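**Student:** As listed in Swiss-Prot for this protein:
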ACT_SITE  90  active site, proton acceptor
BINDING   91, 94, 96, 98, 100  Ca(2+) 1 binding site
BINDING   187  substrate binding site
BINDING   217  heme b binding site
BINDING   218, 269, 272, 277  Ca(2+) 2 binding site
COMPBIAS  177-189  compositional bias 'Polar residues'
DISULFID  59-139  disulfide bond
DISULFID  92-97  disulfide bond
DISULFID  145-344  disulfide bond
DISULFID  224-256  disulfide bond
REGION    170-189  region 'Disordered'
C-alpha cells in the first residue's frame with residue numbers, strides 16, 4: 001500500500017476538492033463537540049440520528065485504524081488526501097452519506113462509479129478496502145463503510161495540516177446506487193454561483209457551507225478538460241472576465257496546448273498544493289482560481305465574495321466553518337434500504 005510552469009501535474013465536491021481529481025466537485029451551522037451525546041438529525045429523506053461516541057465500546061480501535069491507514073497512505077502519496085476527502089463529498093451529495101459511491105457495478109446494479117463525474121476520476125477505493133478489512137478483523141459487522149469514509153475524510157484533512165473535528169457516526173451502507181443520480185446530482189466545475197447555492201440548499205447546506213466546503217480545493221489536481229472555460233478569453237480573443245489573472249491563464253493555456261487537454265493536469269492550489277490551508281481563497285482574490293466554479297465564488301456574487309475575503313484573511317474562521325460544514329454535510333441521510341456491509345464494494 002502500502003514555478004509558474006510547475007503547476008503541471010492532477011485532480012473531488014470534487015474535491016474536487018477535493019484527489020479532487022479530474023472533475024472536482026465544488027462543495028453549517030454550529031455542531032456539538034465530541035461529548036458522546038446524540039448528534040445530527042437531518043430532515044431530508046430517511047431520518048438519520050448520529051452519535052459522536054457510538055464505537056467507543058463496540059469498536060474502540062476503529063478511529064485509530066482509519067487514522068493509521070490515512071496517515072501512511074498520504075505520506076506515500078500526498079494526493080490521496082484530496083482523493084479520500086472527495087470520496088466523502090461525492091458519496092454524500094448523491095442520495096446521502098451511505099457509501100453508495102463504493103459499490104461496484106453488477107449485472108443488476110449500475111452504480112455511481114461509472115457516472116461521468118466519477119469515471120476515471122475518483123480514487124482511493126483500495127485504501128477504504130484496506131481500512132474496512134482491518135476493522136472487520138477486530139469488530140466484524142460493526143463499523144459501516146459510510147462511517148469509514150467520513151473518518152477518512154477528516155483524517156485526510158488533519159494529516160495535511162488542517163483542523164480536526166469529531167466525526168459523528170452511525171451511518172448505514174446503502175444496498176442500492178444510482179448512476180443517473182450521480183450524473184445529475186454532482187455540481188459541474190463550470191457551475192455558476194447561483195447553481196451551486198441551489199444545489200447545496202437542496203441538501204440542507206447554506207451559502208456559507210458551500211464556500212467553506214469549496215475550500216477542500218486547497219488540495220488536489222485537475223485536468224485541463226475541467227477548466228477549459230477559464231481559458232476562453234485567450235482562445236477567442238475576447239476581453240478577460242472581471243477578476244481574471246491573464247498571466248495565470250496564459251500559463252494554463254501553455255500547459256494544455258503543449259500536452260493536450262485530456263492529458264494536461266495541474267494543482268488546484270499552486271502555492272501550497274499539499275497543505276490544507278486558506279491559500280485557495282487567497283488565490284481566488286488574485287484571479288488564480290483554477291476551476292470556473294471556484295473563481296465564480298469571488299466574482300459572481302457579493303455574498304460569496306465577502307465570505308471568500310474573510311477566509312483569505314483569517315484562516316481560523318475558515319477552519320471553524322469548514323469543520324462545522326463537514327459535520328453538517330456528513331449528516332445528510334441515505335435511504336432506509338441499508339445495512340452494514342462486510343465488503344464496501346458489494347452488498348451483503
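Any Cβ shown, glycine's included, is placed from N, Cα and C.
How buried are these features, and what lies next to them?
**Tutor:** The secondary structure of residue 90 (active site, proton acceptor), as reduced to three states from DSSP, is helical.
DSSP gives residue 100 (Ca(2+) 1 binding site) a helix state. Sequence-distant contacts of residue 100 (Ca(2+) 1 binding site), defined by Cβ-Cβ distance under 8 angstroms and a gap of at least six in the same chain, are 91, 94, 111, 112, 173, 174, 176, 177, 178, 334.
The secondary structure of residue 187 (substrate binding site), as reduced to three states from DSSP, is coil rather than helix or strand.
Of all Cβ atoms in the shown protein chains, 37 besides its own fall within 10 Å of the Cβ of residue 217 (heme b binding site).
When other Cβ atoms within 10 Å of the Cβ of residue 277 (Ca(2+) 2 binding site) are tallied across all protein chains shown, the result is 19. Residue 277 (Ca(2+) 2 binding site) falls outside any helix or strand according to DSSP and counts as coil.
For residue 139 (disulfide bond), the count of additional Cβ atoms within 10 Å of its Cβ stands at 16 [all protein chains shown].
For residue 97 (disulfide bond), the same-chain residues that are 6 or more apart in sequence and have a Cβ closer than 8 Å to its Cβ are 88, 91, 146, 149, 150, 171, 329, 330, 331, 332, 333, 334.
A coil conformation is recorded for residue 344 (disulfide bond) in the three-state DSSP classification, outside any helix or strand. Within 10 Å of the Cβ of residue 344 (disulfide bond) there are 23 other Cβ atoms, across all protein chains.
Under the DSSP three-state reduction, residue 256 (disulfide bond) is assigned to helix. Close to residue 256 (disulfide bond) in the fold, though at least 6 residues off in sequence, lie 224, 228, 231, 264, each with a CB less than 8 Å from its CB.
Residues of the same chain lying 6 or more positions beyond the ends of the region 'Disordered' (170-189) and with a Cβ under 8 Å from any Cβ of it are 13, 23-26, 48-51, 54, 90, 93-101, 103, 109-112, 114-118, 144-147, 150, 195-196, 199, 222, 226-227, 291-294, 334-335, 337-341, 344, 347.
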**Student:** Once the chains shown are all counted, how many other Cβ atoms turn up within 10 Å of the Cβ of residue 94 (Ca(2+) 1 binding site)?
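**Tutor:** The answer is 29.
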**Student:** Within the same chain, and leaving aside 91, 94, 96, 98, 100, name every residue whose CB is within 8 angstroms of the centroid of the CB atoms belonging to the recorded Ca(2+) 1 site, in sequence order.
**Tutor:** 92, 93, 95, 97, 99, 101, 112, 146, 174, 177, 334
**Student:** Neighbourhood of the Ca(2+) 2 site (218, 269, 272, 277): other residues with Cβ within 8 Å of the Cβ centroid, in order?
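**Tutor:** After dropping the recorded site residues, what remains is 219, 271, 273, 275, 276, 278, 279, 280.
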**Student:** Within 10 Å of residue 90 (active site, proton acceptor) (Cα to Cα), which of the recorded positions 59, 139, 145, 217, 218, 344 do you find?
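**Tutor:** Among 59, 139, 145, 217, 218, 344, not one has a Cα sitting within 10 Å of that of residue 90 (active site, proton acceptor).
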**Student:** Find, for the listed binding-site residues 98, 269, the residue with the lowest Cβ contact count at a 10 Å cut-off, counting only other Cβ atoms.
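**Tutor:** Looking at the binding-site residues 98, 269, the Cβ with the fewest others within 10 Å is that of 269.
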